[in-house]
Amino acid sequence: MDLLNAFVALSNFVLIPAIAYGSQLALGALGVTLIYGILRFSNFAHGDTMAFGAMITVLVTWWLQSMGVGLGPLPTALLALPFGILGCMALVLVTDRMVYRFYREQKAKPVILVIVSMGVMFIMNGLVRFIIGPNDQNFADGERFLISARDFKKMTGLEEGLAIKSTQALTVVVAVICVALLFWFLNKTRTGKSMRAYSDNEDLALLSGINPERVVMYTWLIVAALATTAGVLYGLDKSFKPFVYFQLLLPIFASAIVGGLGSPLGAIAGGFVIAFSEVTVTYAWKKVLGYFAPAGMEPDGLVQLLSTDYKFAVSFVILLIVLLFKPTGLFKGKAV
Amino acid sequence: MTETVKNTALFLGVAALVVITGFMQSWNSAILIVNMGLISAIMAIGVNLQWGFAGLFNVGVMGFVALGGLAVVLVSEPLSPEAWSAGGWGIVLALLLGAATVFAAVMATKRMPKGRNRALTVLVVLIAGFVIYRAVFDPNVMAVEAINPAAAGNIGGLGLPVLLAWPAGGLLAAGAAWLIGKTALGLRSDYLAIATLGIAEIIIAVMKNEDWLARGVKNVIGLPRPVPYEIDLQNDPGFVESAASLGLDPVTASTLYVKLGYSVLFTVVLLVLLWMAQMALKSPWGRMMRAIRDNEVAAEAMGKDVTRRHLQVFVLGSAVCGIAGAMMTTLDGQLTPGTYQPLRFTFLIWVMVIVGGSGNNFGAVLGAMLIWFLWVQVEPLGLWLMNVITFGLPEGSALKSHLIDSAAHMRLLTMGVILLLVLRFSPRGLIPEK
């Protein structure tokens, strides 16, 4: 019984939040990794792209809510998500046309593109703050819990409760659908194959008649969709606050690099590695260990390895370890 | 000679902007802009050393600036013997133990043959070291933080004059930069960027959460100043008399006097650093740096130790940022870790360097002054613009109030637009590298 209780406590506080967070990171890291693979630079504006897409979704959600349209138990934001994706696609395409294309034609060094993306980050950040303000916004509605802790206790008679928020379940389901679609697209469609070819070897792809502008355009469209979805899921799960998305940049980059920049599969793996380590290292293990320890030997302290404020440090340390021992990442990425 | 004329004109232009501010708004805010502009100029010189000379992409400026600020507290706050006897030495011991653990792990990785034994040893060393470290660290921290937590609860400082904190800030930042450089340099440029971005966030997190160090988010206020206090000046009959002879009332005169005092100090530091940076740029060392920047492979083939030189310039540039950080905290008179924002302390400095002209020290200084002026003035300008735009809208309409409230966020937008415009149409900046 103790073992079961310990497992339930572990799932409640570590496994489920980490899976949800990992899915969000994975979606974000997929965007970063695709940009890196096709356009060959680290996009510092990615966090703010996520914020922009999520912002459009929030605005549309409010509008739908005010019209009385909803999805019942599911959050209205799902209905608004396609609008958010379209808005974000429009933004990134305009950005690409007005900003990035010039440097692509010049064959500028990647680091110049990174600095350019810094400028784009400023503008997007300013836009989001300008339109919706810098404060917390609440847009979640629908059923809050799939299983609440009390119901679970009643159902199983265990001492520990297991709560699954509907947003957590939703995150995982949506992330799985997104990833499945993405991989189908990359592996089965003509455009997806040309994208992979372009990422593997630009010159060869050009020789075989692939239109680079088309590849780049599709990449941006996919990235916008992924970023918006990731942003909305994160916002539903936690809350929407523009500055938080900027701070997500570090774990997202860490995920992409840990998995191997340029490798979509690696981005997903990296997202979960980072999320699980962040949650386990900052979790207070007192409760779980208490079930294992013999009577009278329960730990006194919280048994927390690091305080939650240091969660950045965790993603950073993992990043450093991977960079030092396996610079191409877990799944062989590019090392240009 | 046209180039000199053009550059002088640019500097005079920025000076004119400040003078206009003095007449239009107040001399107080004009000097405030100058002071922060001088500090920004020093930060820009630091970033220019790294990016302009050596092509290193450091987006962790904020961390080094914050470390400089921390140095001010550690150097100039009064001694706290009570805290030291309660647990200060214990904390030092714990930190030393932690460092020894990392050192032992690194040594084991380097010396032992690859294989399962090595992995096990390293793991055991790290886990045992961490447990011992926490066992020594936690009780001592509790003891220190328990001492008068409302006003102190930290280990205090050395009680030295605050001016000494400036070089100390540089040293602290240099030490951190050495550690980071040792691990992250030699990797690809993007990786260095991500690594520095991360380290800056970690430094801020440490400063926010380690209350024993500098009171964390409880802030340290009332730091000693290198210039006299306004109230002392106002009570000094000699000062009041000379203020009156200039036609100023004592209150205004004293604030101006204090701010000008800071300006003089900052200008001296800026000139010294600018001179040093110029000498470095012209020296064989500077030429080597630029050679490495322009073609690493060729420089390496010529026998230059690229990684070592990168480490050198990375440490130097970060130290300059640390000095600027210490100066800024001295100017504020308080250390508030919650106010360090990457957009303001990292990316804005980058805009300054790029706009001014990367690779040119004078460009960096000019860019810093200009961009800082804009950063301060865009907000009132934006407000004015919004008021003009919304003039026709009825009073009390939601759109009008929203637009006027949002004017404060025009800053980021403007900075982004300026950066992109400069990168596109004048990528070498206002004063290009020679």
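Quick reminder: no glycine exception, Cβ is built from N, Cα and C everywhere.
Annotation comment: TrEMBL describes A:6-39, A:51-71, A:77-99, A:111-132, A:168-186, A:215-236, A:305-325 as transmembrane segment.
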Residue numbers, six or more beyond the limits of the transmembrane segment (A:77-99), whose CB comes under 8 Å of its CB atoms: 45, 49, 52-58, 60-61, 63-64, 69-71, 116, 119-120, 124, 139-141, 170, 216-217, 220-221, 223-225, 227-229, 231-232, 235-236
Contact check, the transmembrane segment (A:6-39) vs the transmembrane segment (A:305-325), 3+ Cβ pairs under 8 Å, seq sep 6+: no
Segment proximity, the transmembrane segment (A:51-71) to the transmembrane segment (A:215-236), 3 or more C-beta pairs under 8 Å: yes
For the transmembrane segment (A:111-132), distant same-chain residues with Cβ under 8 A (at least six beyond the ends): 39-45, 47-49, 51-52, 55, 58-59, 91, 95, 99-100, 103, 242, 246
Intrachain residues whose Cβ lies under 8 Å of the transmembrane segment (A:305-325), provided they are six or more past its termini: 247, 250-251, 253-255, 257-258, 273-274, 277-278, 281-282
Residues from the same chain, set at least six apart from the ends of the transmembrane segment (A:168-186), whose C-beta lies under 8 A from its own: 16-17, 19-20, 23-24, 26-27, 30, 74-75, 78, 146, 192-193, 195-196, 222, 225-226, 229, 233, 236-237, 264, 268
